[in-house]
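Asker: Dropping the structure in here first, questions after.
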Amino acid sequence: MENGAAKPVIVAIDGPSGTGKSSTSKAVAAQLGLSYLDTGAQYRAITWWMVTNGIDIDDPSAIAAVAGKPEIVSGTDPAHPTITVDGTDVAAPIRTQEITSQVSAVSAVPEVRARITELQRSVAAAAEYGIVVEGRDIGTTVLPDADLKIFLTASPEARAARRSGELKGADVHATREALIKRDAADSSRKTSPLAKADDAVEVDTTELTLQQVIECVVTLVEEKRAGK
Ligand SMILES: Nc1ncnc2c1ncn2[C@@H]1O[C@H](COP(=O)(O)OP(=O)(O)OP(=O)(O)O)[C@@H](O)[C@H]1O
Ligand SMILES: Nc1ccn([C@H]2C[C@H](O)[C@@H](COP(=O)(O)O)O2)c(=O)n1
């Protein structure tokens with residue numbers, strides 16, 4: 001970089017559902033003045049478009065044929081992340097149970113992954129000061145040259161308890177089963193499955209508070225920047 005400006009830092013945070021990727025990534029990005037990208041929201045957004053347009057989710061070739069049609073735009077301010085599809089704000093509808101239960105099928109289609117991966121790389125390349133990108137395949141496939149790769153884990157029980165706390169009154173057992181089912185689908189798909197990159201730092205968050213996880217990741221980024 002010219003004038004001694006710091007090189008943009010690219011941080012990849014992957015892991016199964018409910019391990020704290022979004023909460024951690026947003027807080028780390030805000031604390032370090034970086035951009036933030038929620039790649040799960042992009043897969044949810046394309047799933048929302050497929051469902052809204054009556055595409056048969058059980059037909060990968062039907063999904064593949066229209067994967068290039070929706071225009072998905074992600075706002076990367078960690079204090080106010082946004083997501084639109086063809087100009088419509090979909091931040092709320094992409095979090096419904098209807099979309100959550102169908103997103104693994106849509107995101108397993110190679111044409112969908114190619115489209116969204118290209119979008120993710122262009123967002124990361126445009127981040128002036130650097131970016132925290134969270135998802136399932138960021139360290140392995142989307143940004144294999146990331147400066148720092150983190151893989152968050154937590155026991156299914158801890159993840160289910162966290163999610164049930166969010167969805168007030170939700171049954172912890174049913175939530176646990178749904179998480180395990182989605183993780184199995186995301187880990188077993190052929191194209192860029194959920195996986196830990198060989199050079200990722202694994203952080204088990206089961207016994208850690210969110211604040212402890214944030215501090216741990218901030219320290220790892222600062223050490224990277226200092227060349228340690
Ligand atoms: N270490 C932690 N201790 C307790 N609660 C946590 C911890 N980390 C995250 N949480 C809570 O768990 C819930 C899930 O966290 P979050 O949405 O960040 O997970 P995620 O990995 O991004 O999940 P998904 O992949 O399903 O989007 C949130 O309510 C969050 O506040
Ligand atoms: N890099 C990514 C991010 C997400 N997905 C898929 C698989 C998830 O079940 C789904 C929703 O993600 P979440 O909002 O729960 O983080 O999107 C993926 O395949 N690759």
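Using N, Cα and C of the backbone, Cβ positions are placed for all residues, glycine too.
Below, the features straight out of TrEMBL:
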BINDING   GLY15, PRO16, SER17, GLY18, THR19, GLY20, LYS21, SER22, SER23  ATP binding site
DOMAIN    11-222  domain 'Cytidylate kinase'
Asker: Please list the binding-site residues from GLY15, SER17, THR19, SER23 whose Cβ falls under 6 Å of any atom in ligand 2.
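Answerer: Near the molecule: SER17.
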Asker: For the recorded ATP site, whose residues are GLY15, PRO16, SER17, GLY18, THR19, GLY20, LYS21, SER22, SER23, find every other residue on that chain with a C-beta no more than 8 angstroms from the centre of their C-beta atoms, and list them by sequence position.
Answerer: THR24, GLU134, LEU152, ALA154, ARG159
Asker: Counting other Cβ atoms within 10 Å, pick out the least crowded of the binding-site residues SER17, THR19, SER23.
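Answerer: Each of the binding-site residues SER17, THR19, SER23 was scored; lowest Cβ tally within 10 Å is SER23.
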Asker: Hey, what's the Cβ neighbour count for GLY15 (ATP binding site) at 10 Å?
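Answerer: Around the Cβ of GLY15 (ATP binding site), 25 other Cβ atoms lie within 10 Å.
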Asker: Around LYS21 (ATP binding site), which residues of its chain at least 6 apart sit with Cβ under 8 Å of its Cβ?
Answerer: ILE13, ASP14, GLY15, GLY40, GLU134, GLY135, LEU152
